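Chemist: OK, Swiss-Prot features for this one:
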type: MOD_RES; residues: 151; note: N6-acetyllysine
type: MOD_RES; residues: 186; note: N6-acetyllysine
type: MOD_RES; residues: 291; note: N6-acetyllysine
type: MOD_RES; residues: 462; note: N6-acetyllysine
type: MOD_RES; residues: 749; note: N6-acetyllysine
type: MOD_RES; residues: 1025; note: phosphoserine
type: MOD_RES; residues: 1026; note: phosphoserine
type: MOD_RES; residues: 1028; note: phosphoserine
type: MOD_RES; residues: 1137; note: phosphoserine
type: REPEAT; residues: 125-159; note: repeat 'PPR 1'
type: REPEAT; residues: 195-229; note: repeat 'PPR 3'
type: REPEAT; residues: 230-264; note: repeat 'PPR 4'
type: REPEAT; residues: 265-299; note: repeat 'PPR 5'
type: REPEAT; residues: 402-436; note: repeat 'PPR 7'
type: REPEAT; residues: 677-708; note: repeat 'PPR 9'
type: REPEAT; residues: 709-745; note: repeat 'PPR 10'
type: REPEAT; residues: 746-783; note: repeat 'PPR 11'
type: REPEAT; residues: 1030-1064; note: repeat 'PPR 15'
type: REPEAT; residues: 1065-1101; note: repeat 'PPR 16'
type: REPEAT; residues: 1174-1208; note: repeat 'PPR 19'
type: REPEAT; residues: 1315-1349; note: repeat 'PPR 20'
type: TRANSIT; residues: 1-77; note: transit peptide
């Protein structure tokens, strides 16, 4: 008793301490105690539910610590980083009541990277290392805390008493044994004074090991310092006496408390309950619980959970059930219970954890079928014995708590690479009839494959064999073969270990692997000796790759002959002719044009050898190969392929061609006899139009003009429009109007007129046609609106800004189309094509201000993100947020980050507090991903929206499965099934049917019952009849999908029409080809084009589609084909876009193809509609010559053009900037040196300063400042070329992030600062880049020179200063920027 009386006397001798409010009471912090709730209650009353805060709220008050007055708040530093860390940890605790090690590690590493972690950050990290980490063992938690302490101290973090107290709390929660005296000495050495909280926790530390004497010493310190003794101290003393074996003294502490004027509260009673629980004294526990129930006190669920911990850890799990009966299972206590379960599993008390798990109300919730995943995952992590874990799984399933517990446990075991456990679980699943699939073993194989662990691979293959699972080809090729020196050694090792399957799978994988490595001799030997039937389709892709990697044509031929003649490989149907034909087609199709050209002789030899081997192909496939060879610009090979055609199967049907000669003769005869010729004339005109014979049709019209009728004119107008003949089309329209002013063309012909006139720059004439459509009430349907879009889009792709604006304004103002987002797309596209992102954004914003639509904002955002235009992104987001709401802004940003692959940023956006699902927006992006075959993007969308509030997860997975169906990826589809089960998702019937269809198509077992359609019988009865109305496709459907940019749907309609032998109009196919090319879907576009060419006589792409085709061909390095496409378009009198022609010329220049550039120059000569500058040819021909190392010739040509009296380009317009820039970018140093010499010579000898000035400016722009400075010193006249320098400044100021370039230019030529245009451009660029220092320097320089500054300059400077919170040293001009821009423009245009 003496040990008890000593502290009691001190307590009685001290002044009576008023009872602390419960909100300020600290938890007892006894060993192993769960984090206690901060209790807020009226005296003696039970708190309201909303006033009870979990320890999660501690994170919300770390910065202020208002509820912890005994620990003075340290000075706050690194606010934004701290807020970020606080948010991540706080969100985790709010959501789950715990923190994972991974999350804490990330926050810790991020904090360390900040360089100077703040005091609050350190405190936050330390407090997270205790009971908030239930998934870590006690020792690991403490080790983590020490790691954080040491590292932050190294980084310069200054610790105060709050940090030492936090460390003490972690020690207590983690039951860490340490010396309190040494801890005090450590604080003293750091010159840190302990406070009341320090002493309280040191007392708790002594008491946790039953050291009452040590606790008494600390109490003595507190008494001498006149520190109040709180309930927390008494609670610790209860624990100390109990662990010292003196339960009587422990119980007497309550009496001592009352004598000290402190009424024992819940914490004290809980400490006493834990003391009895550690002794296994259930009777005393019950007595105390009854006593508390009769008093004004109460226990919360987490208090009962703590008692369960005490019983369990002391070895008395038999009493847990009696405590569980006391728990009310309030919703807010569920995270505490789950964390208790994790803690028990960590402490190897899985049985008790399982008992608590089954007692939770969620386990009895019939709507939940996957509760307990967290328990199973942690059991896997903590290496719970397989037998016990499998038993848990079965009991959870039988209790209908977790319907897929074994599958989920297998998933966790595979993730954790726990082979033995995975095997045991798979055996349990197999015994229950669950199919074990090959890809389940891939996570186990990949670890061994990375380390070349042959034995590990063999062990996994043995397990697969035991499980009755045969590896597929992917398994062997991706995971097994890479571990061996050769396939033969792999076969030998597997045979030795009896892992070689009896099926053909290994052999097929062997062939594929040898083909991939180009070992054709091994393939031939295998195919000759193979005794099993193989599918040619299973070999085709690998053989193509093998052929391309081997140049042995004899082996090519022998393998092809073997495949053609051996029944094992080309079974019927379709037979060897079709199978080998498709192989040849795919072989050539897989090559680029340059590869085909390089292998032309080898391919010719190959085809000749096949002919000698009597290998045949069908005529249809021959035509396809011809098209490929023609596109690859090697038509010479066509005759070599023709000899392979199977002549016996050629369709010998004769086709008769109806000519116009008979009609023309009849017409002349009727005219001579004086008979009416109206009808036959119209018939002849229509026939010539169908033959696309425009020249002849116009001649006939001229000859019989007096007899022409309305129908003939209409047909001729349409014909001229198709042939891009704007002049004759307009003349015919005028004659049409004179013939009958009231006559009306059909909508398609009006639209065609608008299109051809707009394309040829006759915008006003096109607008007049639009006005006539309005005046004559021409019916405008969806097809016409779609055509309007294509007209505008074609102009946009050509870069014709004014054309797009004027035509769009006319169409909308006249009411011919509503100002929808789609019809407004080209207003933005025209700027995107020019890569003018600021203008594109402004155009989109202007559309919203005028029409309340925001076209292409997604594409604009994606471009801005790719370019890193943070200011413009912020501007866009501010506008969207203001006009459409913050939620719309977040979704726009989320989708843009996803599209550009910035998944981390996308995750941050979608985890924004308060964001909820918007089904329409989500479905829009899903459809976009499906249409563009963006598998990874859609997968990330589904993954990131898992926790999104009100997100229809079934719909998300349904979209993902739709994409997998297109790609035929059954493995990923099967993984989706597992993922849906993990999420406890009940899929809709359509989702199940879609998944089942994917698995069945790939001959895989379906692991669930497939719902049957109630109308199945009706559907099957219709399947044998002709296509139903719902199956019939129309051109309107195709054009509608094209208008909506649904390229995938439009292409599917085309395929369906192809099967039904439905042929659309030329314009429909041109539209579809253009759409597919705009989506970079080159292969499908060519399929559509080839079909149209074979089904519509004289089919040609329209101008816009031809331009897109040229760009696509250039992008794929099909330069010869692109040149042919350009020639064909020009032969049809089409006007390709300036962009398409320029891209082709530039690509040819980089390849050194001077001849082709000169050919293009001749082809476009005189075509002013293309608006191609002569400098495009001059620059690119010179560049091509330099690429061919003909530098002297290139320079001589340039000098000759500049010095010649017959100048083709005036000196002031002879710009070589592009040439200089490409030479610098391509690092062509000899060429750059000689160009520099040439430029200086022209300047010094001929006073031609533009070349040297252009070179100087390109050196500045590319960052070669020293070279630019040296050039300026050698040629000082550069500084006098004010007009050239001003134009450069103007153009540069319009580009983002170019302020440093202008700054460098002004440093090199200081006198430019006083040029009003230059300093205005400089200020504009400084403001755009937020370069305050440079802006200030420029302003101060100009004011010092007493320069008169215009209002626009001052307005820009004032806006910059206000943005950064600095005072404006003058009166800010009051009007808008637009006002001053207009004012300055007028002043410069009218200098008077």
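Placed from the backbone N, Cα and C atoms, the Cβ positions cover glycine too.
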Chemist: Who are the long-range neighbours of the repeat 'PPR 7' (402-436) in its own chain, taking Cβ under 8 Å and residues 6 or more past its ends?
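Modeler: Contacts with the repeat 'PPR 7' (402-436): 369-373, 376-377, 379-381, 383, 386-387, 389-390, 392-394, 396, 443-444, 447, 459-460, 463, 466-469, 978, 981-982, 1005, 1007.
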Chemist: Pop the Cα-Cα gap between residue 749 (N6-acetyllysine) and residue 186 (N6-acetyllysine) into the table, whole Å please.
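Modeler: Cα-Cα, rounded: 93 Å.
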Chemist: According to DSSP, does residue 186 (N6-acetyllysine) fall in a helix, a strand, or coil?
Modeler: helix
Chemist: Report, as a single number, how many Cβ atoms besides its own are within 10 Å of the Cβ of residue 749 (N6-acetyllysine).
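Modeler: Result for residue 749 (N6-acetyllysine): 21 neighbouring Cβ atoms inside 10 Å.
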Chemist: CA-CA, which of the modified residues 151, 291, 749 lies nearest residue 1137 (phosphoserine)?
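Modeler: Nearest by Cα distance to residue 1137 (phosphoserine): 749.
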Chemist: Looking at the modified residues 151, 291, 462, whose Cα is closest in space to that of residue 749 (N6-acetyllysine)?
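Modeler: Given the candidates 151, 291, 462, the nearest one is 462.
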Chemist: When you tally the Cβ atoms that lie within 10 Å of each candidate's Cβ, which of the modified residues (151, 186) has the highest tally?
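Modeler: Counting Cβ neighbours within 10 Å, the top one is 151.
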Chemist: Given the modified residues 291, 462, which one is most crowded in terms of C-beta atoms within 10 angstroms?
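Modeler: Selected residue: 462.
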Chemist: Expressed to the nearest Å, what is the distance separating residue 151 (N6-acetyllysine) and residue 291 (N6-acetyllysine) at their Cα atoms?
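Modeler: Counting only the Cα atoms, the answer is 49 Å.
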Chemist: Just how many other Cβ atoms lie inside 10 Å of the Cβ on residue 1137 (phosphoserine)?
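Modeler: If we count other Cβ atoms within 10 Å of residue 1137 (phosphoserine), we arrive at 26.
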Chemist: Using DSSP, what is the helix/strand/coil residue split across the repeat 'PPR 15' (1030-1064)?
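Modeler: Its residues divide into 22 helix, 0 strand, 13 coil.
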Chemist: In whole Å, how far does the CA atom of residue 291 (N6-acetyllysine) lie from that of residue 462 (N6-acetyllysine)?
Modeler: 63
Chemist: Just to be sure I understand, if DSSP states are collapsed into helix, strand and coil, how many residues of the repeat 'PPR 7' (402-436) fall in each?
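Modeler: Counts, helix then strand then coil: 24 helix, 1 strand, 10 coil.
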Chemist: Looking only at the repeat 'PPR 16' (1065-1101), what are its DSSP counts of helix, strand and coil residues?
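Modeler: Going through the repeat 'PPR 16' (1065-1101) residue by residue, I get 27 helix, 0 strand, 10 coil.
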